[in-house]
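Peer 1: The NADH binding site annotation in Swiss-Prot covers Gly16, Met17, Leu18, Asp42, Ile43, Ala66, Trp67, Thr68, Tyr131, Lys135 and is backed by similarity to another entry. Annotation source Swiss-Prot lists NADPH binding site at Met17, Leu18, Asp42, Ile43, Ala66, Trp67, Thr68, Tyr131, Lys135. Among the features that Swiss-Prot reports, dTDP-beta-L-rhamnose binding site is placed at Thr107, Asp108, Trp157. Per Swiss-Prot, active site, proton donor/acceptor is recorded for Tyr131, and the stated evidence type is similarity to another entry.
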Amino acid sequence: MSPYPRPRWLVTGASGMLGRELTPLLDRRGAAVTALGRGHLDITDGAAVRSAVAEHRPAVVVNCAAWTAVDEAESEPALAMAVNGEGPRHLAQACRAVGAVLLQLSTDYVFPGSGGRPYREDHPTGPRTVYGCTKRAGERAVLEVLPDTGYIVRTAWLYGAGGPNFVAKMIRLEADEDTVLVVDDQHGQPTWTADLADRLAALGAAALAGTAPAGIYHATNTGGTTWNALAPETFRLLGADPARVRPTTSLALARPAVRPRYSVLDQSRWKAAGLEPLRHWRAALTESFPALCGRAGRPVPGPR
């Protein structure tokens, strides 16, 4: 029997990289899914959000809509706040009106990124960028409006076949460049959208069953690495020489928004809720490769 017999799921931001992964996964598992991309629902429009949620009356809403342009947020703070801060509030208020659960995606950028140990879910936040501040505002809005049915799911370093991302860029650069410079002083967790979508589905089902407490969850592939270690691993899976990836520093590649130096996330809350956390990032990267290579028009390398 399907674990999703009747309840309807509403996915916002369904045309983005994560939404494109989550929507078909829910459909395959027998859920009734309404998928609304940016062209169908602007979450900054409170009236439109209330109307959509009232019309579809979902049991679970997963908000994949977000302003993810980290650097551009520094020069467009009001726009970023409208999407990342006010949008989740509109959704939370609409969910409260119909009794729906809300899964709100968030980010490692809510932390300062200056520590050296994995951040627990209850660790004090301290964003250093406009983007991080707007995402924290969205978290607070959801938890304020939906203390019993609001779920914050923090993730990081997303990649997948449904949109642009670091791994896809490395696949392209391996074909175009002799050597590639990648920063070696940022530590985090690459996260495959397929694995994240699977855990979102499990968390939503557990929320409906009353077995997963509301609050904050960290959802990244486990383990930790640097961009400069992820890039050579990508080259290796392509059958290319990993030594073509050369290290550089964040300072040398300065950008408008500061990047966290260390933003590895602890996932203890999954087991406390009776759910398995995501697997190790290396296993996920290996399994993701056929889809990523297919999107890039590259043949999938055989075993070496």
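Yeah, the Cβs are placed from backbone N, Cα and C, and that goes for glycine too.
Here the structure is a predicted model, which means the values were calculated and not measured.
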Peer 1: Which one is it: of the binding-site residues Met17, Leu18, Ile43, Ala66, which Cβ has the fewest other Cβ atoms within 10 Å in this structure?
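Peer 2: Among the binding-site residues Met17, Leu18, Ile43, Ala66, the lowest count of other Cβ atoms within 10 Å belongs to Met17.
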Peer 1: Distance check, please: Cα of Met17 (NADPH binding site) against Cα of Trp157 (dTDP-beta-L-rhamnose binding site), rounded to an integer number of angstrom.
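Peer 2: Cα-Cα distance, Met17 (NADPH binding site) to Trp157 (dTDP-beta-L-rhamnose binding site): 12 Å.
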Peer 1: Rounded to an integer, what is the Cα-Cα distance in Å between Tyr131 (NADH binding site) and Thr68 (NADPH binding site)?
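Peer 2: Tyr131 (NADH binding site) and Thr68 (NADPH binding site) have their Cα atoms 8 Å apart.
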Peer 1: Return the count of C-beta atoms lying within 10 angstroms of the C-beta of Tyr131 (NADH binding site), excluding that atom itself.
Peer 2: 26
Peer 1: Measuring Cα to Cα, how many Å separate Thr107 (dTDP-beta-L-rhamnose binding site) from Leu18 (NADH binding site)?
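Peer 2: Rounded to a whole number, the Cα-Cα distance is 13 Å.
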Peer 1: Work out how many Å separate Leu18 (NADH binding site) and Ala66 (NADPH binding site) at their Cα atoms, rounded off.
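Peer 2: Cα-Cα distance, Leu18 (NADH binding site) to Ala66 (NADPH binding site): 11 Å.
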Peer 1: When you measure from the Cβ of Trp67 (NADH binding site), which residues in the chain that are at least 6 apart have a Cβ under 8 Å away?
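Peer 2: Long-range Cβ contacts: Ala73, Leu79, Ala80, Val83, Asn84, Tyr131, Thr134.
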Peer 1: What is the total of other Cβ atoms whose distance to the Cβ of Gly16 (NADH binding site) is within 10 Å?
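Peer 2: Gly16 (NADH binding site): 23 neighbouring Cβ atoms within 10 Å.
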Peer 1: Using a 10 Å radius around its CB, how many other CB atoms surround Lys135 (NADPH binding site)?
Peer 2: 32
Peer 1: Checking your reading of the structure: which of the binding-site residues Gly16, Asp108, Trp157 lie inside a 10 Å Cα sphere centred on Asp42 (NADPH binding site)?
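Peer 2: Checking Cα-Cα distances against Asp42 (NADPH binding site), none of the binding-site residues falls within 10 Å.
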